[in-house]
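Undergrad: As listed in Swiss-Prot for this protein:
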- 69-331: domain 'Protein kinase' (DOMAIN)
- Leu75, Gly76, Lys77, Gly78, Ser79, Gly80, Gly81, Val82, Val83, Lys98: ATP binding site (BINDING)
- Asp193: active site, proton acceptor (ACT_SITE)
Amino acid sequence: MRRARGKFKGGNSALRVNVPKENAISDYVTASGTFQDGDIMLNKEGIRVVSQTQTSTPAANGNISLSDLETVKVLGKGSGGVVQLVRHKWTNETYALKVIHMNIEETTRKQIVQELKINHASQCPYVVICYHAFYNNGLISIVLEYMDGGSLADIMKELEPKCIKEPNLGVVCKQVLLGLMYLHQTRHIIHRDIKPSNLLVNHKGEVKISDFGVSAVLANSMAVRDTFVGTCTYMSPERVLGGTYGFDSDIWSLGLTLLECALGKYPYQPPGSEEGWMNFYELLQTIVDQPPPVAPADQFSPEFCSFISACLQKDPKCRPTAAELLNHPFVNKYDEEEYGLAKLLPPLVPLA
């Protein structure tokens with residue numbers, strides 16, 4: 001296979017990583033026990049953003065304190081912490097509580113703070129809500145909206161065949177595009193990690209964007225980035241090459257995500273092998289060198305095939321914006337009431 005053009009090179013010998021100086025967690029904690037990183041302050045009473053350019057930041061939910069929350073079960077673990085399903089003792093409302101031990105490597109800590117800042121300031125029905133956050137005894141606790149339907153990746157695992165039908169994806173697509181349009185146009189944020197496991201669903205069938213740990217906030221909507229973060233398998237070719245990129249990189253990731261959900265498998269498959277990619281670098285070279293995957297015309301509508309092709313343009317300048325894609329025929333092809341994801345979810349089981 002040909003070596004990818006540009007900055008990307010396969011093989012461990014080509015990798016060079018500059019490791020920045022690590023700061024201890026104590027460098028971020030004041031004498032009063034408040035965690036401060038840049039313009040964000042956290043303590044056991046809650047969160048405060050001390051120099052906010054936006055005036056639209058929602059006030060933290062004053063009805064929530066950590067002592068009012070009781071753990072129901074553990075939902076998952078990762079990034080140096082745990083996510084729990086918790087219930088408010090007095091209102092019986094449920095939340096997802098992300099608890100992170102901040103004595104972790106600085107890069108991960110910065111990502112967590114970045115996620116918190118973005119979530120706390122976001123006001124969009126297509127972005128997971130952050131209700132409150134606290135810092136106490138080395139732990140940051142983030143109170144998030146509980147998406148009880150899991151992720152698109154979770155839903156696919158429970159279906160047979162393990163894929164989401166095109167009409168359902170049409171409804172999903174519209175909601176994700178509305179979320180991306182808000183992030184790109186209003187917040188000037190590149191998500192940088194759109195994938196099935198980061199698109200969450202609730203029992204109403206509402207789809208919301210989550211996990212902003214690697215997102216980039218740009219000074220304006222015309223700016224670009226050149227850092228290499230996110231899930232590599234969903235990266236656009238220009239990101240794999242280490243070049244500059246903008247909001248259009250999220251559009252590539254969306255196209256790849258929708259195609260994976262439709263096919264029931266990751267769209268880039270190794271030629272002549274059913275066992276998956278044996279070499280990670282070969283996959284990245286394929287993303288850079290080979291034509292992008294397409295939706296099979298004998299399995300999907302012309303509108304869906306056209307939408308996927310529009311997203312998976314290797315030249316980022318040729319990809320439409322989220323706002324432009326909202327006018328694509330595929331997005332409004334299917335009725336939201338008839339094809340919402342709520343019908344694919346199992347019945348809700350009452351909490352004990």
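Yeah, the Cβs are placed from backbone N, Cα and C, and that goes for glycine too.
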Undergrad: If we count other C-beta atoms within 10 Å, could you say which of the recorded positions Leu75, Lys77, Gly81, Val83, Asp193 has the fewest?
TA: Lys77
Undergrad: In the predicted model, what is the mean pLDDT computed over the domain 'Protein kinase' (69-331)?
TA: 87
Undergrad: What kind of secondary structure is Asp193 (active site, proton acceptor) part of, going by DSSP in three states?
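TA: Note: Asp193 (active site, proton acceptor) is coil by DSSP, not helix or strand.
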Undergrad: Can you give me the Cα-Cα distance between Leu75 (ATP binding site) and Asp193 (active site, proton acceptor) in Å, rounded to a whole number?
TA: 21
Undergrad: Rounded to the nearest angstrom, how far is the Cα of the residue listed as 'active site, proton acceptor' from the Cα of Gly81 (ATP binding site)?
TA: 19
Undergrad: Could you state the whole-number distance in Å separating the C-alpha atoms of Lys77 (ATP binding site) and Asp193 (active site, proton acceptor)?
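TA: For Lys77 (ATP binding site) versus Asp193 (active site, proton acceptor), the Cα atoms are 18 Å apart.
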